[in-house]
Amino acid sequence: MQKIVLATGNPGKVRELAELLADFGFDVVAQTELGVDSAEETGLTFIENAILKARHAAQITGLPAIADDSGLAVDVLGGAPGIYSARYAGLEASDQQNLDKLLVTLKDVPEGKRGAQFHCVLVYMRHAEDPTPLVFHGCWNGEITFEAAGVGGFGYDPIFYVPELGCTAAELTREEKIAISHRGKALKLMLEAMRNAS
């Protein structure tokens with residue numbers, strides 16, 4: 001099996017990718033297991049930040065790397081919080097603090113004007129100097145609710161309403177979510193590309 005570093009310390013992402021990539025001969029290891037600290041996210045887009053993270057992990061470990069950068073874009077806020085989704089309420093803000101800030105910001109925005117999209121960019125770099133990293137983007141359309149519902153998922157999931165299913169992302173099972181989510185869509189594209197390359 002070829003070892004590949006995942007540029008995250010999030011155990012859920014590592015487990016999910018490890019299971020899916022094992023079929024393609026990849027042994028996925030979290031960068032934290034290899035002593036790699038998180039890269040500074042200085043990019044202005046999801047793509048730039050994902051490339052920065054993948055390059056950082058590949059450079060330090062000497063291994064191929066996969067990185068994920070994702071976030072929520074709210075229409076009425078001009079795409080905010082966007083790349084700042086994880087730190088919308090401040091650098092050390094919790095998921096709950098970010099979610100609460102967004103609900104307060106949107107408190108006077110009526111139903112029908114609360115459209116939003118989750119975006120996920122996955123980047124695969126064969127090595128740190130890879131001139132053509134593989135980039136995959138997934139988008140998930142929904143609406144921001146007026147209050148949280150559900151206990152699954154993380155981040156903004158409890159306030160991200162999925163109209164076609166009539167519930168929030170936090171009310172979906174892991175399997176239901178991965179089948180339609182932004183990350184699930186990007187992951188499918190990446191797996192198709194890896195399947196075609198092997």
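Keep in mind that glycine also has a Cβ here, set from the backbone N, Cα and C atoms.
Please treat TrEMBL annotations as automatic predictions, because they have not gone through curation.
TrEMBL lists Asp69 with the feature active site, proton acceptor. The substrate binding site annotation in TrEMBL covers Thr8, Gly9, Asn10, Pro11, Gly12, Lys13, Ser70, Phe154, Gly155, Tyr156, Asp157, Lys177, His182, Arg183. Sequence annotations record features per position, and here TrEMBL assigns Mg(2+) binding site to Glu40, Asp69.
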Sparsest-packed among the recorded positions, when each Cβ's other Cβ atoms within 10 Å are tallied, from Thr8, Asp69: Thr8
Set of same-chain residues at least 6 away whose C-beta sits under 8 angstroms from Asp157 (substrate binding site): Gly150, Thr168, Ala169, Ala170
In all the protein chains shown, the tally of other Cβ atoms within 10 Å of the Cβ of Gly155 (substrate binding site) is 19
Just to be sure I understand the packing, how many Cβ atoms besides its own are within 10 Å of the Cβ of Ser70 (substrate binding site)? 23
DSSP on Ser70 (substrate binding site), three-state: which is it? strand
Using a Cβ-Cβ cut-off under 8 angstroms and a sequence gap of six or more, which residues of the chain neighbour Glu40 (Mg(2+) binding site)? Leu52
Neighbour count first, Cβ atoms within 10 Å, every protein chain included; then name which of Asn10, His182 tops the list of binding-site residues. His182
Inter-residue Cα distance where the pair is Asp69 (active site, proton acceptor) and Gly155 (substrate binding site), in Å: 13
State the Cα to Cα distance, in Å, between Asp69 (active site, proton acceptor) and Thr8 (substrate binding site), rounded to an integer. 10
